[in-house]
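Feature annotations, courtesy of TrEMBL:
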| type | residues | note |
| --- | --- | --- |
| DOMAIN | A:25-240 | domain 'Tr-type G' |
| BINDING | A:34-41, A:113-117, A:168-171 | GTP binding site |
Amino acid sequence: MSAVALKAVLAAQNPSAHPAAAAAPALLRFITCGSVDDGKSTLIGRLLFDAKLVHDDQLDALGRDSRRFGTQGDKLDLALLVDGLSAEREQGITIDVAYRYFATPRRSFIVADTPGHEQYTRNMATGASTADLAIILIDARKGVLPQTRRHSFIVSMLGVRHVVVAVNKMDLVGFDRAVFEGIVAQYRHMAGGLGFATITPIPISALEGDGVAGRSPNMPWHAGPTLFEHLESVDVAGAVQLAARFRMPVQWVNRPNLDFRGFAGTIAGGAVSPGDEVAILPGGRRSRVARIVTQDGDLAEAVAAQAVTLTLADEVDVSRGDVIVAVDDALTARRAFAARLLWMSDRPLASGAELTLRLGASSATARVAIAGAVDIHSFEIHAADALAMNEVGIATIALDRAVALTDYAEDRELGAFILVDRVSGDTVALGLVDAGAVRLVRSVSGDGVPSASPGRSRHWVKVALDRLAPGGWPQIVEEASWRALASLAVAALVQLTFADWRITAAAALAEALLRPILRLAHQAAWRSFERQRIARGHYDAEGSGI
Amino acid sequence: MIQLTHLQKLEAEAIHIIRETVATCDNPVMLYSIGKDSAVLLHLALKAFYPGRLPFPVLHVDTTWKFREMIAFRDQRAQELGLDLIVHVNQDGVRAGVNPFDSGSRAHTDVMKTQALRQALDAHKFDAAFGGARRDEEKSRAKERVFSLRSAEHRWDPKAQRPEPWRLYNTRKRPGESFRVFPLSNWTELDVWDYVARENIPVVPLYFAAPRPVVERDGALIMRDDDRMALREGEVVQTRMVRFRTLGCYPLTGAVESTAATLPEIIAEMRGSRSSERQGRIIDHDGAGSMEQKKQEGYF
Ligand SMILES: Nc1nc2c(ncn2[C@@H]2O[C@H](COP(=O)(O)OP(=O)(O)OP(=O)(O)O)[C@@H](O)[C@H]2O)c(=O)[nH]1
Ligand SMILES: [Mg+2]
C-alpha cells in the first residue's frame, strides 16, 4: 500500500457521523516495545509521518528540534515527534509512555510508545495492559536481548495475544535476508512457551521507512505484509477477556434526595436489563434491577463498558466496592488468592509486606507472601521470598476483608489489580489474579502434585541445593568448604576434650550433615505452616457461589 | 447485544473517571476555561451524577484578558445550569499591572494563570481539580496520566508519574498533595467536535466564523476585543471572516481565516486541516518544552 493511500481520513474515528466508516474493523490498540534504542519511538514517528498525520506547524517544530536534539545529523529525527519530555529529548531516550491517536481509511488506532530502558519497565507494562497487539522491535545488529525477553514475557502475561516481530535497522545490515531470518528463528525459539496466537515477523527500517507503509525495493525477498498492511487487517477479536455474565462494581452511591438511591458504576461484563435478578457481593444479598437511569432517559439494556446508574427493587445495603452480579454468576468474594505480580518499586518487596490493594472499585489491606520469581532468561520459576524492581513473581495475597475477584484470564476487569505503598502512596505493583499460579510454585517447592517422572528425585535435590545456596555453584562450593572446615574444628576440639574417636566422629558428622538437614526440615515446616494459613484464608470466602 | 460506538466508549470512560474522583477525593473542583473542552467536560459531569446535581463547584481563573463573549457565555451557562461558579482573579497581579502586552505572554500567563490557579486551589483547599486537557494536544500532554499527582507546591514531576494500568486509578495522596484529573485524556479534537454536535452542547460563538475586527501582529491574527489593545505603528484594524480553534486570552490567541459557520462546516474544515489546534496559541511557543515547564510550575 502506498503512503498516499494511507492519508488519514479521520472519518473512521466517528462511525456515527460517517456511516461509510462504520464497517471498518474496530479500533486497534497497540504498543511498541523492545530494548533500549531499538527504534520504537522512531517507528511511531514514522507511522504518523507516513500516514500524513504530522501537521505543518508540528513538522516545522520537528525540523527545529531535530537540529537541536536529533541523533540523525541534518535529517529529521522522527522519535522527537513522540519523545515529548525535555529529559527524553536531552537524553535521546523514552522515559514515559506516550499515547497517540490516529486513523487510516481502514481502521483507527491508539498506539502507546513505551520505553525500552529497564528502569522504566513499569511504564511499558502500563502501555501493555490495555493493548491488543504488541510490536516488538529488535535491532537487526543486536538480535534478541534480555529486555526483548522481559518485554515479551510481560506482554504475554498481560494477555496480549498478537505480536509483530519488527526487525529494525535493516539498513544497517545491508537489508540482509539471512540476518532477518536468523533473528526471527531466535525469537520464535524464545517465545515458544509464551502462548502468542500470532507472531508476525516484518523486516523494517523505521528511519528510512522500508517495510512500514510501502513495499521496500531493498527487500524484495520479503513476501509477508508491510507493517501498515498488517496493522490494518489483523484480526484481534476476542483479545480482551470480559465476563460473559453481568458484573458491575459499584463506584459511587447516588443519593440526591430521600426518594432516589442509585448505584453508579461501569459495567465490567455481560448485559443488564430492568427486572434482572441480581446479587450483591460480598454477602450475596439479592434483589432485582428496577431501572437503568441515565440523563438521556432510562435504558432497556446496558452492556459492558457503559457507565450507568442502577436502582434496585429492594432496600438492600450496597456501598462502593461491592459488585452487583447476575444472580447465577459464579463470581465469589475472597479473602486470599494467588497472583502474578510485577514489582515496580526500587525498594524490594519482601514476604509479609502490607500494602493497599485496588481492584475494581474495591480497596483492601493486603499482606503479600512471595512464593516464587520468574527467571527472565529461562522463563522458569524459582523459589524466592523477595522481589526486586521489575521482577515478575508469584505470590499469595491475604486481604483484611473479602473482595469479589476472579482470574484475569477470565475477566480483565475483576482480575487485575494494583498494589499501593501505604506510606508514599506510590503504585508499586501491578497484579493479575491467577489461581493456577500456586500450583506452579508448589511444584517448584517440591511437595506439589506430580509426578511419577524420574526427574522427581533430581528435582528435589536441585530444590534443596537452591534453598541452601540460592547463589548457585560458587555458593555451594563455599558452603561445602565451610562445612568441612567447621567439622574439622569441632572434631579437633572434641578429640582434645574426650580423646574418644567415636564421640569425635559423631560430633564431626553432626556438624557436617545434621545441621543442613535440620535447617531444610525446619524451613519446610515453616513454609507449609504459612501455606496452610493462606489456604485457610482462601476458603474463608464470604458470599460464595450464591 | 448493543455495540458501543467510539464516542459512547469515550463518554463512558470520562464519566467513570469523574465518578472515581468524587468517590475518592474530599474536595474536588472543576476547572472551567469556557472553551469547547470545558463545555464537554461539564456536560459529562452533569451526566455522571444525574439525577443528582453537580457535587462540586466550578472554578474559572480569570486573567481579565478573556474575550468578552467568553465571560458573557460563562455567566449565562452558570445561570442556566445553576452552577456553583467561583471566579478567581489574581489581585496581586492586577495591582502590579501585569498584562500580556507589557509583561510579555510568559510572565502574564505565569502570574495571571498559573499563580492564580494555585492561589484559588489553596484558598479553597481543593484536593482534585478536573481539567479538559487531551493527550493529543501537545507532546508533553501525551505523557500525562489521567490522575496526575501534584506536590503540595503544585509541581508536576514528569519522571516520577505513577503507572496507571488498565482503568485502575491510584487516588491515594498525602496531605497537601492534590490531583489534576483529565477525563478527556483519550479524546482527540475531532472527537470533541463530534460529541458537541451529537449532544448539542452550547459553545462560545467565537468558534464559528464571523466578520471580526482583527490586527495582523507577529504573523498572527489578533482580534481587538477592547481598546486596551493599543495599535502599533502601521497596524490597522480590518474586518475579516475568522474563527478560533482554541480560546484563551484574546491578545494571545490567533484567529484563523475561515468561513465555517456551523458545526458540520467546522468538522469538515478540521478534517482537511494541515495545522494543529495549538498553533494559534502564542504561549505554547515560548520555547521548546515550554508547555512541560509551565505544567511543572503548576499550570494545567
Ligand atoms: N539506521 C537506522 N537507525 C535507526 C532506525 N530506527 C531508529 N534508528 C536510530 O536509533 C536510535 C534510537 O531510536 P529511538 O527511536 O529513540 O529508539 P527507542 O527504541 O524509542 O529507544 P527507547 O525508547 O529509549 O528505548 C536513534 O538514533 C534513531 O535515529 C533505523 O531503522 N535505521
Ligand atoms: Mg523511545
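Any Cβ shown, glycine's included, is placed from N, Cα and C.
Where the annotation comes from TrEMBL, it is an automatic prediction and has not been curated.
Features recorded in TrEMBL, as mapped to the structure shown.
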residue: A:G34; record: GTP binding site; Cβ neighbours (10 Å): 28
residue: A:D37; record: GTP binding site; Cβ neighbours (10 Å): 20
residue: A:K40; record: GTP binding site; Cβ neighbours (10 Å): 28
residue: A:T114; record: GTP binding site; Cβ neighbours (10 Å): 29
residue: A:H117; record: GTP binding site; Cβ neighbours (10 Å): 17
residue: A:M170; record: GTP binding site; Cβ neighbours (10 Å): 28
Note = Restricting the binding-site residues A:D37, A:K40, A:T114, A:H117 to those with Cβ under 6 angstroms from ligand 2 leaves A:K40
Message = When DSSP is mapped onto helix/strand/coil, what comes out for A:M170 (GTP binding site)?
response = helix
Ask   = Relative to ligand 1, which of the binding-site residues A:D37, A:T114, A:M170 have a Cβ found under 6 Å from one of its atoms?
value = A:D37
Task = Can you see whether DSSP assigns A:K40 (GTP binding site) to helix, strand or coil?
result = helix
